[in-house]
C-alpha cells in the first residue's frame, strides 16, 4: 500500500481531499460499521457453496458503506487479496462464507456496489412502491433492503436474466436471514419483473411546481433533491439533467505517465498494448492516456506499484498546468494529500526546485512521501504536517507559488465517487465556503510579492469557485486575476479568465482553478 498513491480507494488521487472536519480543532470521528474485530483469516468453518459470492459480498459491503465503514471499490495494489478480506466480513456479518471471489466476481461486485449506490433513491422508490405498505419498507432490516436493492439493480439496470436474479437473491435472503425474508424478496422481485415486462414501472412524472418537479427529477436520476434544485438554478433544467445523466454513467479513468522517472506516454502506451488494455491518447495533456476498461489489469500488472504511471484525471492535470511549475520554483501545496498534484508538479521541476506538501493528515502525508520514492521525485518533495491556518500565523516564509487545492463538496466527481451524493448535505455548503475563505486568507500570506496563488476545487458549484475568488479579491486588493488562457485549451477558460472543466462538455471530472498574482 505504501508504494501506491493510496490506491486503497482507486479514485482517491483527486477525489478524496480532506474533509472540513479534518480542519476542526476538536475532531469527531464517525464509528464505522464493523460486525466484529478484524482477525486473521482462518480456514472457513461455515462454507456455503449455494449462495452467489458476488451478491453476498455486495450486500455486506453496501451495509458497510451505508454505515460508514467502507468505500465503493475492491481494488488494492495487486487487484486481488481484498476478496478474501471481504469474505471475512461476510462470514462475521451473515455467519458463513461462500467460495472465493474470482476476477469476474470482483468486477461484478464493483459494478453492482457502485451502481446500487448511484441508483439508491431510484431503487428505493420502486421497492417502496412494490411493498405492501410504506411501513414494510421503512422498517425493513438493513441486509434485506440491500438484497432487494441488488436484485432491482440487476434486473433494471444490468438486464440480467430475471429468473437467475430472483432465484439467487431469494436464496441469499433465506440462508442469510430466514425463509420468510426469502419469500418477501421472491414476491417483490416477481412484481418488478412483471411490471418491467409491461413497461409499467411506477415512476413519478416531472410535473407541478418547481419543488414537485425537483422531487421527481431527483427520483428519476437518483440524486438528492437539494442538488437537483441547486443545479436547475445555476445550470437550467436541460444542463442539470445532462449532468445527472453523466453522474450515473460508468466512469472512465486517466493514467499519467511518470515523466519524473523518465517514463514517456509512448512507454506507457506500449505497456498498455502488451496488457491489451483499450486506451485513447489525451487530447489535452501530452503525458495522459484515457482508459474506459482494464483498470484492474493495470493494477494487477504492477504499473502503479512500480511508479510507471498514476491514476489521475485530466482535470487535475490541467490544474497543474494552471500552476505551471518551473525548474527552480519553491511551491507550497497547501492541502496536498493524497498527493496526485504534488507528484505531478514535482515531476515538472526537472530535478530543480522543491514542492512543500502540507496537510493536516499525517498518515496520508507519510504515504505520499513513500509514493514519491517509487516515482523517484522524493528529493523534490518536503512534507509538512500542519494546519495551513496555524502555519501561516506562525511561520514567516513565502513561496513562488502556492496551490490551495481546497476541501470542497466534490460535486464535480460524482460519477467516480458513487457514495458522495448521499454524504453531502445542503448545510455542508455554508461550512465549506467558510472554510475555503479561511484557507484562502491564510494561503495569501505565504505568497511572495510577484508570486502566484492558485485556488482549485473538484467542484462545479459557482459559490465554491468564482464566488470564493471574487470574495477573496474584495478582501485582498493586492491580488489580481492572472488569466489562464495561455496555460490551458481555450474551451476550458471562463469569461473571468478562470479554468473550469465541465463533465458534460469535456467528458472529464468537474474542476475549477483560478490563478491570482500578488502585486510587487
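Here the Cβ of each residue, glycine as well, is placed from N, Cα and C on the backbone.
Marked as region 'Disordered' by TrEMBL: 18-44.
Confidence over the domain 'SAM-dependent MTase RsmB/NOP-type' (243-519), given as mean pLDDT on the 0 to 100 scale, stands at 97. The domain 'SAM-dependent MTase RsmB/NOP-type' annotation in TrEMBL covers 243-519.
What TrEMBL lists as S-adenosyl-L-methionine binding site is 335, 336, 337, 338, 339, 340, 341, 359, 387, 405.
Other Cβ atoms within 10 Å of the Cβ of residue 458 (active site, nucleophile) number 29 in total over all chains. If you look up TrEMBL, you'll see 458 marked as active site, nucleophile.
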Inset, instruction - Go through 335, 337, our binding-site residues, and report the one whose Cβ sees the most other Cβ atoms within 10 Å. - result: 337
